[in-house]
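Here the structure is laid out as structure tokens; the discussion comes afterwards.
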Amino acid sequence: MFLEAISAVSCSGLGTFSNSNTILSPSSSNLNLVLPKKRENGFVVFAEKASVPLTGVVFQPFEEVKKGDLMVPIAPQLSLARQRFSEECEAAINEQINVEYNVSYVYHSMYAYFDRDNVALKGLAKFFKESSEEEREHAEKLMQYQNIRGGRVKLHTITMPPAEFDHIEKGDALYAMELALSLEKLTNEKLLNLHSVADQNNDPQMADFIESEFLEEQVNCTLCVCVCVCVLDKRINLIDLTT
């Protein structure tokens with residue numbers, strides 16, 4: 001009864017199914033069904049597979065990895081991770097490492113000065129000790145990035161900082177803080193130069209690293225030292241007015 005009912009149905013635009021093996025082509029503008037098999041309770045309905053030819057393979061990994069800059073280096077002294085990392089960028093990072101260590105060394109000397117028993121400015125001693133540690137962390141962060149990119153860390157000579165920071169007119173606190181402000185501005189200038197080297201060598205990864213890890217923080221550090229200079233300068237001027 002079911003088969004007879006199906007064969008009697010006429011669908012507009014589809015025509016009449018003459019038998020259970022009728023296949024309507026998927027290229028037709030009408031709905032295409034396939035009724036090839038009969039089960040005990042009816043038909044199995046499925047779509048006909050369309051044979052769409054491939055237009056070509058764009059990515060051929062086994063061929064592209066044969067390029068010279070993608071091959072694993074044979075020489076044991078060469079980095080396995082290095083890729084699109086110029087020698088100029090490598091040298092610039094080593095220079096910035098030296099800048100950070102030099103500034104850290106100066107701040108450490110300031111910490112030792114203000115921690116003396118005959119100076120005893122413990123707040124400034126704490127400030128410069130933390131500043132020294134922060135600059136050293138910056139140097140270590142640059143060293144880590146150098147290794148990640150496959151560069152070689154080369155530490156340069158560190159200049160010996162002064163041991164005395166007293167000043168006849170300004171006093172030791174203001175003089176040291178003004179020196180710190182100059183060092184922060186110098187560090188910022190060096191970081192901007194490092195970023196320029198990354199741009200000139202078309203190294204967006206290095207540029208992003210400098211932007212995200214250093215530039216914003218450096219601006220905030222400079223502002224912090226600026227505030228300290230202003231406070232100390234006003235206090236000294238106030239003392240001059242009262243004497």
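Using the three backbone atoms N, Cα and C, a Cβ is placed for every residue, glycine included.
Listed in TrEMBL for this protein:
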type	residues	note
DOMAIN	83-236	domain 'Ferritin-like diiron'
BINDING	GLU100, GLU135, HIS138, GLU184, GLN218	Fe cation binding site
Any further residue of that chain within 8 Å (Cβ to the Cβ centroid of GLU100, GLU135, HIS138, GLU184, GLN218) of the recorded Fe cation site: VAL99, VAL103, SER104, GLU134, THR187, LEU191, PHE214, CYS221
Tertiary neighbours of GLU184 (Fe cation binding site) (same chain, Cβ under 8 Å, six or more apart): GLN218, CYS221, THR222, VAL225
Neighbouring C-beta atoms (10 Å sphere around the C-beta of GLN218 (Fe cation binding site)): 20
Same chain, 6+ residues apart, C-beta under 8 Å of the C-beta of HIS138 (Fe cation binding site), given in sequence order: GLU100, PHE214
All-chain count of other Cβ atoms within 10 Å of GLU100 (Fe cation binding site): 23
Cβ atoms near GLU135 (Fe cation binding site) (within 10 Å, other residues, all chains): 24
Per-region confidence, the domain 'Ferritin-like diiron' (83-236) (mean pLDDT, whole number): 97
Mapped DSSP class for GLN218 (Fe cation binding site), helix or strand or coil: helix
